[in-house]
Amino acid sequence: MRKTHINVIGAGLAGSEAAYQIAKRGIPVKIYEMRGLKQTPQHKTEKFAELVCSNSLRGAAITNAVGLLKEEMRRLDSVIIKAAEYTQVPAGGALAVDREGFSDFVTREVSNHPLVEVIREEITDIPQDELTIIATGPLTSDSLANKIREFNGADGFYFYDAAAPIIDANSINFDKVYKKSRYDKGEADYINCPMTKEEFQAFQEALISAEEAPLNSFEDLKVFEGCMPIEEMAKRGYKTMLFGPMKPVGLEYPYEYKGPRDGEFRTPYAVVQLRQDNASASLYNIVGFQTHLKWGEQKRVFQMIPGLENAEFVRYGVMHRNSYMDSPNLLKQTFQSRKQENLFFAGQMTGVEGYVESAASGLVAGINAAKLFNDEEVVIFPKTTAIGSLPYYITHTDSKHFQPMNVTFGIVEELDGPRIRDKKERYTKVAERSLNTLTDIISKENLA
């Protein structure tokens, strides 16, 4: 195996993080990105770490599993977390970012590193004799995807991700909406569009009957629950949306609200939330409204939402295939291929789901590729940490029922001793244990 540099294929969240981790350890990196020469169905730019779905990196508190994961990544000097904090926009208790500023930051930090060489080229085969991380994401080009399937000897799985629409803030009718975060956590960063029972019923019926965009050559519809199209939720039953993105709990009308309401009820029957999408607050996305309706149908149906009667859509919701590997059979916890030690995979193609989780996989793969380059022992983060629980889960779960996974406390190893009944107290203890463990690993492995 030649060891003059490490290849990273793909400059998304995982690839960018991996390249950064390798370069900061003094190892030359060649990062290949085809965007700029050839676009995917979902990306709009050639920038690194472009966010194509939501602009939220989810919960910030360490009593939330993804918040704990972000804190672990921060301590491991993650470029993705640095970018997110630098370009943060108001989002209550969540970490949301200005999309363009975020991608600009990552592109600049990675591509300007003196040990990083950026090559705009489509890779169509798997390098055999060089250390390589493949992090081409769920929209891997057909030619490389076929080589990966051929290499792994398995067809893998596939499903669809759906992105929510983005609207112009100036087109919102603020007489019918109010600002509030659920349970008044943090600042009142969300715009809430309340619905009466009659409005909700009409909206659900319109969603069910709306015409969907054709799925082209895509295969069987296998939707990951975390990014389910809103029209699919509507079809699942009357209350599915009320317990999902349109949940009204904790979003009571403010006393100063003068818009339409259901009688004297303090809480709306249903609520559609809008979340700030950029730093200037000129754009808002419709939270949880991923969709693959035809664009004309999106305008017709979503303008039924109170306050959005004249909404101008900056981007309509779109849907794309999202393929991932049979990681339980194909990968080690280090994100190395079981078949070829010098080959790593990272990002959503491994079955981790979400921006933060994808970046975390790139971080682990990057650290271990650097270890391998230097003839050092690779690092296996324990499942008592959030960053260790994900690779453990995707490599140890039942292959027959394997589906993409977000980080949750359910996959982090339980505390020793009697179970603490209070969730917040229990998760606080889990987070403390995790961060203490990580501190020891950082010191022992010289990972800072």
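Any Cβ shown, glycine's included, is placed from N, Cα and C.
According to Swiss-Prot, the FAD binding site annotation covers GLY10, ALA11, GLY12, LEU13, ALA14, GLY15, on the basis of sequence analysis.
Known features from Swiss-Prot, placed on the structure.
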residue	record	Cβ neighbours (10 Å)
GLY10	FAD binding site	29
ALA11	FAD binding site	31
GLY12	FAD binding site	31
LEU13	FAD binding site	33
ALA14	FAD binding site	36
GLY15	FAD binding site	30
Checklist entry - Helix, strand or coil at LEU13 (FAD binding site), per DSSP? => result helix
